[in-house]
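Per TrEMBL, NADP(+) binding site is recorded for 9, 10, 11, 12, 13, 14, 15, 16. Taken from TrEMBL, the feature NADPH binding site applies to 105. Annotation source TrEMBL lists L-homoserine binding site at 190. Annotation source TrEMBL lists active site, proton donor at 205. Annotation source TrEMBL lists domain 'ACT' at 350-425.
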Ligand SMILES: NC(=O)c1ccc[n+]([C@@H]2O[C@H](COP(=O)([O-])OP(=O)(O)OC[C@H]3O[C@@H](n4cnc5c(N)ncnc54)[C@H](OP(=O)(O)O)[C@@H]3O)[C@@H](O)[C@H]2O)c1
């Protein structure tokens with residue numbers, strides 16, 4: 001197998017990086033896998049568009065069949081995005097016995113398990129390391145480097161846009177809307193930022209990691225998702241004064257065979273490694289039963305970092321073809337999905353509320369929490385900007401989510417509580 005032929009779907013940010021990497025690192029790649037990689041066709045929307053990379057005149061096409069039905073092509077690299085049409089295109093390619101490398105977390109979070117099964121039936125590989133945290137080899141680490149361990153918890157900053165926004169809000173004391181506009185101007189946020197700021201992008205990535213780590217078929221609907229839109233400058237100031245940094249954290253954890261998975265604003269102690277991850281960078285903290293704590297840090301997106309992950313996957317496929325071991329047996333779930341109930345999810349919470357500034361208020365509030373057996377690690381009481389009102393900020397000890405829900409419900413019926421302004425998870429202290 002002196003030569004392996006590739007069809008590339010997409011020549012945008014990532015696709016251009018892939019072509020550049022295959023050209024500039026051709027010797028190293030050939031030396032490591034023993035085969036030359038040749039691009040045969042590139043699928044794009046607009047074949048007339050000027051491209052930022054050197055390509056041969058007959059490469060570009062706007063017809064998917066030129067790739068998926070092309071008998072000369074061994075491997076399809078999908079870096080064009082999209083879900084429904086892209087899924088059909090890849091299904092067709094797999095039926096035609098083509099191996100797949102993709103960077104598409106949107107597709108993998110929705111159709112990943114179906115595609116993996118189809119690929120296995122057809123003895124094809126489908127690798128997707130670039131779909132989570134761009135240039136950080138986190139999927140590769142879970143499936144290879146940590147393969148012998150039992151993963152207990154994954155905690156990560158897997159969305160660069162929201163981390164950029166929260167870093168600027170914290171370090172420069174800017175409002176959410178101001179930073180979002182700046183991020184859009186710099187290209188760190190999309191013109192429609194919904195999927196990033198509402199946590200959906202991070203949720204998709206966390207399902208991919210949880211599926212691999214816990215070997216269960218965990219879907220997007222299983223993730224409890226809260227985005228960052230409601231985080232205010234006041235929340236950040238209170239968190240800072242108590243020694244915490246607010247980050248959008250994806251958490252997937254397993255205990256006695258039951259999984260909890262969420263993406264939500266989370267307060268981390270300032271000295272926690274994830275609290276130090278700034279701007280558009282990503283980081284994933286993995287706790288394994290045997291290995292203990294490990295952390296993976298790096299660029300979560302960008303042309304060349306993401307291309308690095310894509311081409312490394314491509315090289316693995318070539319090695320697997322050579323060894324005759326394509327088909328990804330180990331990626332198919334091993335266990336029935338079991339999710340934790342609210343009374344089994346234990347964590348600390350930051351609760352901020354506006355209350356009447358009068359004698360007895362504090363007692364009434366603490367009575368509600370005492371009834372639910374909720375105790376506190378830290379409490380602050382401060383005058384509010386509004387006359388006759390005060391703000392109370394509390395950090396609970398570890399309580400169940402059900403205790404929190406019950407306490408919040410009972411607080412609503414209390415005349416001295418004007419508003420529960422915010423309530424966030426606190427993690428990273430154990
Ligand atoms: N950008 C990153 O840093 C990053 C990081 C990790 C993962 N990803 C994932 O990688 C994928 C690609 O992202 P990107 O940023 O490179 O996207 P992009 O810059 O928008 O490029 C998309 C490319 O695909 C082509 N294309 C899109 N839909 C097509 C269709 N239906 N038929 C034919 N061609 C089509 C476009 O053609 P034209 O050039 O003719 O318009 C373009 O070349 C996405 O799944 C994304 O989530 C991206």
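Quick reminder: no glycine exception, Cβ is built from N, Cα and C everywhere.
Predicted automatically and left uncurated, TrEMBL annotations should be read as such.
Features as recorded by TrEMBL, highlighted on the structure.
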residue	record	DSSP (3 states)
9	NADP(+) binding site	strand
14	NADP(+) binding site	helix
105	NADPH binding site	helix
190	L-homoserine binding site	coil
205	active site, proton donor	helix
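Of the candidate binding-site residues, 13, 14, 16, the one lying closest to residue 190 (L-homoserine binding site) when CA atoms are compared is 13. Between the alpha carbons (Cα) of residue 16 (NADP(+) binding site) and residue 105 (NADPH binding site) lies a span of roughly 19 Å.
For the domain 'ACT' (350-425), the DSSP-based tally of helix, strand and coil residues reads 23 helix, 34 strand, 19 coil. In the structure shown, the C-beta of 16 has more C-beta neighbours within 10 angstroms than that of any other entry among the binding-site residues 13, 16. Taken in sequence order, the recorded positions 11, 14, 16, 190, 205 that lie near ligand 1, meaning a CB under 6 Å from one of its atoms, are 11, 14.
With all protein chains in the displayed structure included, the most crowded Cβ environment within 10 Å among the binding-site residues 10, 12, 15 is that of 15. Sequence-ordered, the extra residues of this chain that approach the NADP(+) site, with Cβ no more than 8 Å from the Cβ center of 9, 10, 11, 12, 13, 14, 15, 16, are 8, 17, 18, 79, 80. In sequence order, 105, 109, 131, 132, 133, 156, 158, 159, 250 make up the list of same-chain residues 6 or more apart from residue 205 (active site, proton donor) whose Cβ falls under 8 Å from its Cβ.
Residues near residue 9 (NADP(+) binding site) in space but far in sequence (CB under 8 A, at least 6 apart, same chain), listed by position: 15, 42, 43, 64, 67, 76, 77, 78, 79, 80, 86, 89. Confidence over the domain 'ACT' (350-425), given as mean pLDDT on the 0 to 100 scale, stands at 93. Less than 8 angstroms from the CB of residue 14 (NADP(+) binding site) sit 79, 103, 130, 303, 306, 307, 310, each of them six or more residues away in the same chain.
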